[in-house]
Amino acid sequence: MSSENLPQSPERAESPQAPRRKPRVAVVFGGRSSEHGISVVTAGAVMRAIDRTTYDVLPIGITTDGRWALTADEPERMAITDRKVPDVDRLTESAEGSVVLSVDPGSREVVYTEPGSVPKALGEVDVVFPVLHGPYGEDGTLQGLLELSGVPYVGAGVLASAVGQDKEYMKRVFLSFGLPVGPYEVVRPREWDNDPAAARERIVDFAGEHGWPLFIKPARGGSSMGITKVDSVEGLDAAIEEARRHDPKFLVESLLRGREIECGVLEFEDGPRASVPAEIPPVTSHDFYDFEAKYIDSAAGLVPAPLTEEQTAEVRRLAVAAFDAVSCEGLVRADFFLTEDGTFVINEINTLPGFTPISMYPRMWQESGVDYPELVDRLIQAALSRSTGLR
């Protein structure tokens with residue numbers, strides 16, 4: 001990326017009378033996880049929604065090999081086309097240039113470096129809007145870096161992000177707070193590596209107790225990637241291999257028969273509030289609500305969900321309770337099953353839910369009276385008003 005194409009550093013106010021510059025939002029996206037492409041799509045939607053009369057935007061893409069790259073501010077290129085998701089490598093003009101964020105908590109300075117060139121200061125960042133899904137971004141790693149740097153950021157902190165990414169510990173926290181959780185087993189890397197036969201036998205015993213089919217899923221994944229529905233023991237090995245391709249630790253869950261219900265939580269000045277819930281209807285073209293159903297085939301959810309007043313109140317209460325149990329901040333999407341006996345069971349939360357044009361989280365808040373641009377603005381303003389460090 002040539003120097004003339006680099007974004008200009010925002011002007012500092014030289015006197016109390018000088019106009020204050022607009023807050024600068026760094027939208028960080030991409031990353032090393034298998035959800036790289038969806039992160040790019042989400043970032044494009046967020047960038048389109050940010051009010052440019054109020055904020056400056058600095059797009060920072062992280063390549064699949066972990067390089068922080070300066071990308072063009074062209075959100076229209078960050079969309080699913082021809083059933084293909086975009087990636088950061090196609091959005092950056094330099095294969096070698098890197099963006100560096102200072103870890104000096106008094107700086108907030110961003111610098112662009114390229115081999116053979118003098119580093120160029122890009123100015124300070126006031127707030128980071130991370131839209132990294134999955135490991136190396138949504139799991140507390142990026143949040144830890146931003147805490148070290150003293151840069152405010154949208155969404156959950158280090159602990160809540162880590163718990164929200166690891167389905168095992170998420171369920172443990174839910175259970176400790178008395179939230180209803182379905183049957184599950186965890187197979188850790190050492191268990192599988194040391195004695196896969198014993199681990200496999202434990203899974204078969206779990207199926208004997210709770211019945212087939214089972215869902216085999218990565219413990220620290222998202223967007224339904226790496227999840228397989230297994231109808232019998234014959235499909236078990238392939239499903240485990242697929243899950244471990246995304247994460248060496250995996251979960252085994254029984255099928256909960258019922259309806260899939262989602263609810264958004266957003267932090268307001270007076271505390272977290274829940275949106276109207278949505279329902280994911282059965283997807284006849286897929287075994288379950290998998291990656292393609294979510295993002296490629298545009299499976300439509302029902303917003304609001306056709307629930308009774310009592311059911312709506314209960315799922316909203318549980319969503320806020322899950323938000324509080326994990327000590328979340330900013331936003332969460334909570335996913336539930338409404339079982340055949342009429343009880344809600346929490347499946348998981350997402351601390352950085354998708355913001356693609358068809359994502360359920362913004363749709364639920366749209367129906368609740370908070371449109372997409374206001375939703376993005378509320379999240380940025382909440383981050384700007386919140387300090388880093390212990391809070």
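Yeah, the Cβs are placed from backbone N, Cα and C, and that goes for glycine too.
Around the Cβ of GLY221 (ATP binding site), the number of neighbouring Cβ atoms within 10 Å comes to 24. Secondary structure from DSSP puts GLY221 (ATP binding site) in coil. Look at Swiss-Prot and you will find 207-262 tagged as ATP binding site.
Per Swiss-Prot, the feature Mg(2+) 1 binding site maps to ASP335, GLU348; the stated evidence is sequence analysis. DSSP assigns GLU348 (Mg(2+) 1 binding site) to a strand segment in the three-state reduction. Spatially close to GLU348 (Mg(2+) 1 binding site) yet at least six residues away along the chain are LYS167, MET170, ALA334, ASP335, judged by Cβ distances under 8 angstroms.
Residues or ranges marked as Mg(2+) 2 binding site by Swiss-Prot: GLU348, ASN350.
According to Swiss-Prot, the domain 'ATP-grasp' annotation covers 171-381, on the basis of sequence analysis.
Swiss-Prot lists 1-24 with the feature region 'Disordered'.
A simple way to gauge crowding: the CB of LYS249 (ATP binding site) has 19 other CB atoms within 10 angstroms, across all the protein chains here. Recorded residues GLY221 (ATP binding site) and ASN350 (Mg(2+) 2 binding site) have their alpha carbons 10 Å apart, per Cα-Cα distance. LEU214 (ATP binding site) sits 22 Å from ASN350 (Mg(2+) 2 binding site), taking the C-alpha atoms as the reference points.
Local packing around the Cβ, expressed as the count of other Cβ atoms within 10 angstroms, is greatest for LEU214 among the binding-site residues ALA207, LEU214, LEU256. Counting every protein chain shown, 20 other Cβ atoms lie within 10 Å of the Cβ of THR228 (ATP binding site).
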